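Annotation source Swiss-Prot lists Ca(2+) 1 binding site at 23, 25, 27, 29, 34. Marked as Ca(2+) 2 binding site by Swiss-Prot: 59, 61, 63, 65, 70. Per Swiss-Prot, Ca(2+) 3 binding site is recorded for 136, 138, 140, 142, 147. Residues annotated as domain 'EF-hand 1' in Swiss-Prot, with sequence analysis given as evidence: 10-45. Residues or ranges marked as domain 'EF-hand 2' by Swiss-Prot: 46-81. The domain 'EF-hand 3' annotation in Swiss-Prot covers 85-120 and rests on sequence analysis. According to Swiss-Prot, the domain 'EF-hand 4' annotation covers 123-158.
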């Protein structure tokens, strides 16, 4: 997954390029007319539809203009939703190890999960030790959903809650 920083940099650059290409009055925004002219110049099949769709999606203050911040804000919401969905799937997949369904994974549950997943006993112990070393942030010998979520955010460099 792309980091939030990379996502915002790419998005900002692309939006700035689009605004630069179509901004006729130099206000660093694209009016409805400027958007229409830009898409007409690029030979979009239906520039009116594209213009109206973009304004509907991204013109958050409904002033009839698009700014870089409006596009970033609108898309960041989608990014956060996707990141949260991926995090939930990741945590849920690991929490299959929680055999007694108490919302905590013990070392024994982790070891057994790795055995059930095809590891031999020695490998399962190594994997369980590694998992607890990396994820059990409060050293209470249990892994919670929140610890696993925080680990995933750091490990995969995604920051959906910032």
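Using N, Cα and C of the backbone, Cβ positions are placed for all residues, glycine too.
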DSSP state at residue 70 (Ca(2+) 2 binding site), helix/strand/coil: helix
Chain residues in Cβ proximity to the domain 'EF-hand 4' (123-158) (below 8 Å; excluding those fewer than six residues from its ends, i.e. six or more beyond): 1, 3-4, 83, 86-87, 90-91, 94-95, 103-107, 110-112, 114-115
Other C-beta atoms that fall within 10 angstroms of the C-beta of residue 29 (Ca(2+) 1 binding site): 20
Contact set, same chain, for the domain 'EF-hand 2' (46-81): CB under 8 Å, 6 or more residues outside the stretch: 4, 7-8, 11-12, 15-16, 19, 27-32, 35-36, 39-40, 160-161
Alpha-carbon distance [residue 29 (Ca(2+) 1 binding site); residue 70 (Ca(2+) 2 binding site)] in Å: 10
Spatial separation of residue 27 (Ca(2+) 1 binding site) from residue 142 (Ca(2+) 3 binding site) - C-alpha basis, Å: 55
Secondary structure at residue 34 (Ca(2+) 1 binding site), reduced by DSSP to three states: helix
Helix, strand and coil totals (DSSP H, G, I; E, B; other) for the domain 'EF-hand 3' (85-120): 23 helix, 3 strand, 10 coil
Site with most surrounding Cβ atoms, counting all protein chains shown within 10 Å, from the binding-site residues 138, 147: 147
Nearest recorded site to residue 147 (Ca(2+) 3 binding site) by CA-CA distance, among binding-site residues 23, 29, 61, 63: 61
Nearest of the binding-site residues (25, 27, 29, 34, 61) to residue 140 (Ca(2+) 3 binding site) - Cα to Cα: 61
CB contacts for residue 65 (Ca(2+) 2 binding site) [other CB atoms within 10 A, all chains]: 19
